[in-house]
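Enquirer: Got a structure for you, written out below as C-alpha cells; questions coming shortly.
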Amino acid sequence: MQKSVRYNEGHALYLAFLARKEGTKRGFLSKKAAEASRWHEKWFALYQNVLFYFEGEQSGRPAGMYLLEGCSCERTPAPPRTNAGPAGARDALDKQYYFTVLFGHEGQKPLELRCEEEQAGKEWMEAIHQASYADILIEREVLMQKYIHLVQIVETEKIAANQLRHQLEDQDTEIERLKSEIVALNKTKERMRPYHTHQEEEDPDIKKIKKVQSFMRGWLCRRKWKTIVQDYICSPHAESMRKRNQIVFTMVEAESEYVHQLYILVNGFLRPLRMAASSKKPPISHDDVSSIFLNSETIMFLHEIFHQGLKARLANWPTLVLADLFDILLPMLNIYQEFVRNHQYSLQVLANCKQNRDFDKLLKQYEGNPACEGRMLETFLTYPMFQIPRYIITLHELLAHTPHEHVERKSLEFAKSKLEELSRVMHDEVSDTENIRKNLAIERMIVEGCDILLDTSQTFIRQGSLIQVPSVERGKLSKVRLGSLSLKKEGERQCFLFTKHFLICTRSSGGKLHLLKTGGVLSLIQCTLIEEPDTSDDDTKGPGHMFGHLDFKIVVEPPDAAPFTVVLLAPSRQEKAAWMSDISQCVDNIRCNGLMTIVFEENSKVTVPHMIKSDARLHKDDTDICFSKTLNSCKVPQIRYASVERLLERLTDLRFLSIDFLNTFLHTYRIFTTAAVVLGKLSDIYKRPFTSIPVRSLELFFATSQNNREHLVDGKSPRLCRKFSSPPPLAVSRTSSPVRARKLSLTSSLNSRIGALDLTTSSSSSSPTTTVHSPAASPPPHTAVPESAPADRAGDSTDMSPCRSPSTTPRHLRYRQPGGQVADSTHCAVSPASAFAIATAAAGHGSPPGFNNERTCDKEFIIRRTATNRVLNVLRHWVSKHSQDFELNNELKMNVLNLLEEVLRDPDLLPQERKATANILRALSQDDQDDIHLKLEDIIQMTDCPKAECFETLSAMELAEQITLLDHIVFRSIPYEEFLGQGWMKLDKNERTPYIMKTSQHFNEMSNLVASQIMNYADISSRANAIEKWVAVADICRCLHNYNGVLEITSALNRSAIYRLKKTWTKVSKQTKALMDKLQKTVSSEGRFKNLRETLKNCNPPAVPYLGMYLTDLAFIEEGTPNFTEEGLVNFSKMRMISHIIREIRQFQQTAYRIDQQPKVIQYLLDKALVIDEDTLYELSLKIEPRLPA
C-alpha cells in the first residue's frame, strides 16, 4: 500500500493566514468539481506561488491549496450548454469568464475556474503567470549580469580618470618650465636693448608725436564715452529708470509720513486711552478701546519694518529691488482685513463714546496736541484705509516704468493683484463709513457740540451758505439791496441738512461753528417748508419780488414751544431749487414714515417694518445685487453692487425714495448707463406703471389682512375716508372716480386715536400757522374713543405737517397722534399716496351704507398717481441740480419736455401735479435770469482796452481780486461729468475733459506770469519788491479763500529760476519770508493736502480750492477698485464715494464771488505777451546770478 505524502500542516495553515491578509490576489471564483460537472463558488487567495481556497470569505481554515510552481494558465471557452433551464440563466452563464490552470506533468487534472467579469479573470490569470519562482530566479540572474557589467564600466572609467589626472599634472609641470624659460629669455632681451631704448627716448620729435597720439587717443575715447553716456541719458530706458527711481523716492517719503501718522494714532490716542481705561473712574472701557483701535498698534509695527526695509534699499541705490519687501507685506494683509472689517464698527463705538462728556472732554484734550495739527481721531483711524490704494497706484506707476523682462515684474504684478483684492473691500468700508466720519467732523467743528450728529443713523445730505432774513424786520427790508454787505455779514449762516435735522450755524473768525441759540437745530418732522412765502406781510409787493424769488420759509412747530418761522435766502435760483428739492425729499421721508406707520398699523395686520423685511429683494444678496450693512435714509440697506436694472428699479420703487441714493445716482449714472435709458425708465413708469413695477413690490404695496381681499376688489373701505379740499402737490389722493372731485377724509377709530388727519393747502394769502380742520364722520360705536381724553394728553392739539411734495405752492399737511408725540418713524419712506393707498386697501370689516357710492380704493388710480409723483419728483431733482445735462444734450431736453407735456395732457392730473409739472417745464425752458456766471472767453472779449496796466501801477488788492474772479470763473465752468472716468489722464484728455485741461492751463499761465514779472527786473531791489508784492497778493487771495491763487503764486516763487536767486532773496524782508512759509504750509501737498482740507472745512463759500487735490482723490478711488465687478455689477459703493467728492466740488462751484470786473487788470493778467517760457526764464536767471565756480 502506497503511503500518503506528509507535509508541515501548521506552516501551511500559517501561509493560508498570510494569504487571507496579504495575498497578491483575493476574491470569489467558481471551481469545477472533479466527480461531477458542477461548479462550486469558493473564496481564493494567492500568496507567492501557492493558491489557497476557502469555503467562504470568513472561513479560518482553507479547504485546499494548489502549488503553482511550474504550472501555466490559459483561457478556455465556455462549455456547451443544454437547452434545459430558462433562457436568461443560459445567457448569464455564457457571459462568464473561464480559464484553466495546467500543471506540469501528465495525469494531473487541470484546475478549471470561472468568474463573473472578464476584467477580474484577466487579473487572476496575470497574477498566476507571475507566481512562478523559477521566473523570478531568471530575472534575478539577468539583473546580476547587468550589475556586473556596470561595475566593470565604472572600474574602467576610474582607471581612465587616473590616467587623465596624471597627464594634467605632467602638463602643469611642463607649463611651469616653459614659463620660467620665457622669463629668462625676456631678461636676456632686456639686457641686450638698453642702447636702442636710450636712443629713442632722446629723440624729441618721436616723443612729441607719441604725446600727440596719446592725447588724440584719450580725446577720442573720452568723446566716444561721452557720446555713449549722452545717448543713454537721452534714451527711453534711462528716462524710465529715472521716473522709476523718483517713484521709489516719493514712496519712501509717503511711507515715512504714514508711519508718523500711525505713531501719533498709537502714542497720542491708543496708549493714553488705555491708561485712562485703567483709572478709578474710567471714561471708556478697555473693550471700547480695543474695538476702536483694533490692530492699530500691530499695523504701526508692520509699517515700521516696511519703512526700514525701504530705507535699506535706498542705501543700495541705483539698484532698487522692492519685490521682496512687498513679499514680506503681503502675508500680513490679514491684519489689514481685520482692521477694515472693524472700521465701521470702530467709528460707531467712537460716536457712542463721545456721548460721554468726560470722554469727549478727554478726547478734545488729546486732539489739541500740536502733533495732531488739528486733526480728529476719526481722521487718523481712516489713514490706514487709504494706504493700500496708495500702494496700488505706486505699483501701477512702477510697472509702467519696469521692462517686461525685468526680474521684479512678476513679483510686482502679483503684489498688485493681491492689494487690489483688499482694496475693493477697503473702498466698500470707506464708502459705508463716509457718512459717520462726515457727521463726526461737523460735530467737532461746532463749539457747543451737537448730540444729534452722534446718531449714526443720521445721513448728511447738503451744506452751504444761506442768508437768514430776520422775520420781525421783513417789512423794513424792502429798501435793503439784495446781497448788501450789512445783510450778508449779519445774516450769513452756514446750514447743514441731514435726513432728520436741519442745522443753522454762524461761523466765527477762527472758522469754528456756533449753533443759533434759537432755531439752531430744526427737527424736520416739526417743519413745514414754504417755497414762496405769502405776501400778506407786505403792503406793496411780496418778498419774492423783494429778494428776487430767492427766499424760502421754514415754519417750525415744536410740541413744547410756540411756533416760529425761519426765512432763508439762497445765493441763486439754482441753489434755491437744489435746497428745496433736498429739504422736501427729507421731509417726505420722515413725514410719510410717521403717517404710514400710524395709518398702516391701525388698519392692517401687516406693519411697515414687516412690509420692508418681507421683501427679500430689499435686503438679501442675489446674483444681480449685493447689500452692505449700512442703512440709508429710508432704513433700507445700502446697495454695494447691483446691475443697472436693479438700480433703475430702486430709483422707481414707489414705496420709498432715499435722498442719498438719488443724489449718488444722478451724479454718477453716466458711468454705467445713459441719460436716455434713465429717462426711458421714468417714461415707462409713467406710461405703464403696472408692467414696470416688480410683481413682489406690487404685492407688498397692497399688503392687507388675509380676509380683506374682497374689499380690495370692490374698493370699499368702511373705516377710512380721506378728504381735502386741495390735495398737496404730488401727494396722491383718491376719489370715487377719476373725474369726480377728489375729496377724502380720515374718520372712525383712526380719527379717534390719532386725531383728525387733515390735508389742507394754505393759499398764498393764508397764515403759515393756520390749520383747517375738515369735519369728520362719527366713528363706529365699537371703535369710538371718548372725546374727554385724560388730562395728561395735553399734546393732542399740537398740529404737525406731514408729507410735502415737490411743488412751489406753500401748503401744510397736518396730523396728530396721542400724547402730542410727533410720528417719527425709522421705517422706509414712501410717498403720501402710498400711505393712503395701503391704509385704504387695508380697511377693516363692515362698510356703512354711506360709503358704498364713493369708491375710495381704486388700485389703478393710486398706482398711476404714485407713479406720476415719483416721475415728477426725480425730474425735479434732476433738472434743479443737474441743469448741465440738459444744456449740453438738446435731445435729452426735448424728450423731457415731451414727457412733461404728455403729463400735462393727462385728464386725471391733480391741480398740484399740474403746477409741479409746469414748474419743471419753466425751469427747463427759461434761462436763469439771476445767472451771473461768465465764461473766460466772454471776459476776454469784454477786456478790449486800448492799453493794459503794468505791474507797478496795480495794487495788490486789485490783482488778488481779479485773480480770484478769473480762477473761480474757470473753476466753476467745469461740468461734473468731466470728473468721471479719469479722463484727464487719458491720451485724448483734451477732447474728454476740455474744461479740466483749461483749468490746468490757466493755472500754469498765471504761475508763469508771476515768475516772468519778477524776472523782468534787472536790479536786485526791484526783484525783491516784486516778490514781496506777489506774496502780499497771495495773502489777500488767502483772505478771499482763493487757495488756488495762493498755490499759483507760491509755485511760481518756488521755481528753480527764482528760488536760486540767493542775492535777491536776501533783500526780501523776514516778515515776507515768514508769510510765504505760512502760505506754503497751508497749500502743501503733505498728508493728502491735510492743511488745505482743514482750511476749506473752516471757511464759508465762496472759495476756490485747488483742483488737483480732488483729482488726486478721484484717482485714488478709480485706481483702487473697478467700476464693475467680474459679474458685471455696478460698484455702487465706488459711485457713492465719487458722488461725495463731486458734491464737495459743486459746493464751491455754485457760490459766486461778488467782485466787480476791472477790464484793465484782467487784460494784464491774461496778456500772454508778458509770459516767458521756462527755458528762457532759467537762462535769464543764470545771466542775473551766474553759477558760482565749484
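Cβ from N, Cα, C; glycine included.
Source: prediction; values computed, not measured.
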Enquirer: Do you know which of 527-535, 680-688, 743-751, 887-895 Swiss-Prot annotates as region 'Regulates proteasomal degradation'?
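Expert: In Swiss-Prot, the region 'Regulates proteasomal degradation' feature sits at 743-751.
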Enquirer: If you look at how Swiss-Prot annotates this chain, which of 457-488, 713-744 comes out as region 'Disordered'?
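Expert: Matching range for region 'Disordered': 713-744.
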Enquirer: Give me the mean pLDDT over the coiled coil (155-193), rounded to a whole number.
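Expert: Here the predicted model's pLDDT, averaged over the coiled coil (155-193), is 91.
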Enquirer: What does DSSP give as the helix, strand and coil breakdown of the domain 'IQ' (205-234)?
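Expert: Tallied per class, the domain 'IQ' (205-234) gives 29 helix, 0 strand, 1 coil.
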Enquirer: Could you count the residues of the domain 'PH 1' (22-133) that DSSP puts in helix, in strand and in coil?
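Expert: When I sort the residues of the domain 'PH 1' (22-133) into the three classes, I find 22 helix, 41 strand, 49 coil.
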